[in-house]
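Report on one structure; see the data block that follows.
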């Protein structure tokens, strides 16, 4: 779906001025909301901050690193896709604090041959994601449009906390590990997008391929569940952006925990991916345990707290013993730091029967 | 000046992991401050927002578009330079609302061959700029480190307002146009950086060349004067990022004003640049009236308000007549919109005796 702008079809950003580009961008963006005191057009936006505090996060998507214009499977990333993904990953960070997203500022770095329509589609995709992902109090309040050789977008999102913000480090007493959202689907979708044709993915049903690609291109974090989990008593939370094992390890290290994942609880996620995995020759457990970019919410609840609808228990957490604290845990673990994450009581390598890449590091050598 | 990091000299970001890169970045950054409730390390930072509102702005600097790694004059932009400039342009936007900067999140997109030391220098330059520019309540609270082919940095800054935020549109009754900071020096510095040798800039004294280059590389907006001008009664304000004529035009259009600049009041800025301009064969008036990136503050005060120390009156503002509102005003003006900015009662073209490029548009065709 595209969104009409006032310039002739095919016009590129190099052919018009900044003012005209803003005129293509702003009318299709959601720029009003309950927290917008001053919207786009001044040197700063002014955003309401109930409770005299604001949560704040920023994320960048860069062409070639975080997405491709044209994928090996032939799919071409649309402006709407990128607007959605840009919103989704930032909204998930706000939700992971137990907070409600209130405002977004976005900076676009655009090659001169970028169609103006692409920029309008980005604004529409970003704004529609607010609605689709349940961030109904959120609005675009400002940004920066600039030129560059490489397409890149950076969004910064603010949010309001109802109670205390939920950190990664608050689960010192242990508890139940719960997850809301999907696991492994964005990683499977990445494999599908990266697959050429003819190739193993041709054996996967077209509708399933499309759904998995969409999981990678337009992830759907359960944004409203962030505050729900906070109210349910979550003592630690983050969004799973770099893979379950790696992100569970982050909570474990920050809170001083041993986390044991329950494979039986993860089995439904694996079963849902078994068909495409078998056809494509992939291991669905690898997708579920190490795949990033689903942006689901991973939280620790007190053992006696009911798990709210939309989340499910996937493991248990106990305070790390001094010995446990000295075990290594994946690429970020170092001797003497970080307690471990296990699967049914075994290291992930033992459980898999082989070494696994535990998740995504933007700078891994 | 460089700042020691724990990795061997010459190490690039491609050779280490994200965790190690953060370990090089965070210790040299100012991450504590009076408004930091939760600093780097969680999915979001949490920042205090006195008065239950926050001002918010974002800006990107992209290699090739906003700066060069190596300038034609031979100068090599340092990480410290870019950290300073990134801070300065965002702090100026906050100041222009009459607000006090409280927190920064920064996203770095780094080619693999970027030295880790460069990243540490960026963090130090950013943090030191908080001090040097008087943003003493400001801290770095989070960010995003990613890879890309093109070096790019995006900072988002929050601020607190003491009174009502000062918009561009509030000076509907006219008043005195005042400016704080420097004019034309960053533009002169850009010319100096862009000049090869041998060339006309060789005739300019070395110390003067260095000072002007520094004005471009490390602009010094008068950040504390933002709240001072707000308390002095400023009814409209912005920071001069794209040139005095263009930015005055923005206030004029937003507030419905005619603005007349007083050349006698601008004469000291011009005189200070006369020497290098004569040597380099440039027009100092062009630098002062159209040069961007000085990030001084341009405000409208009621005619009976004293001009606070550090600012000076540079023109007068009157409500636009219906006829005036139909005059064009530079590249952003269109027939039927926007009242005009004049110089001693004449259009800038008449006053110069020729057409002038009125300022910077990132997408000007």
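Quick reminder: no glycine exception, Cβ is built from N, Cα and C everywhere.
Going by what TrEMBL states, the Mg(2+) 3 site holds A:43, A:93, and the candidate of A:202, A:239, A:242 recorded there is A:239. Region 'Disordered' is the annotation TrEMBL gives to one range among A:288-316, A:317-345, and that range is A:317-345.
Candidate binding-site residues A:43, A:58, A:143, A:144, A:242 yield A:43, A:58, A:143, A:144 as lying near chain B, with Cβ-Cβ distance under 8 angstroms.
Of all the binding-site residues listed here (A:93, A:168, A:239, A:293), A:93 has the Cα closest to the Cα of residue A:57 (Mg(2+) 4 binding site). Look at the domain 'PurM-like N-terminal' (A:41-160): DSSP puts its residues at 37 helix, 50 strand, 33 coil. Around the Cβ of residue A:242 (Mg(2+) 5 binding site), 22 further Cβ atoms fall within 10 Å across all displayed protein chains.
Within 10 Å of residue A:241 (ATP binding site), counting C-alpha to C-alpha distances, fall the following of the binding-site residues A:59, A:66, A:93: A:93. Among the binding-site residues A:57, A:58, the residue whose Cβ has the fewest other Cβ atoms within 10 Å is A:58. Distances between the Cα of residue A:93 (Mg(2+) 3 binding site) and those of the binding-site residues A:59, A:168, A:242 are shortest for A:59.
In this structure the C-alpha atoms belonging to residue A:242 (Mg(2+) 5 binding site) and residue A:143 (ATP binding site) are separated by 27 Å.
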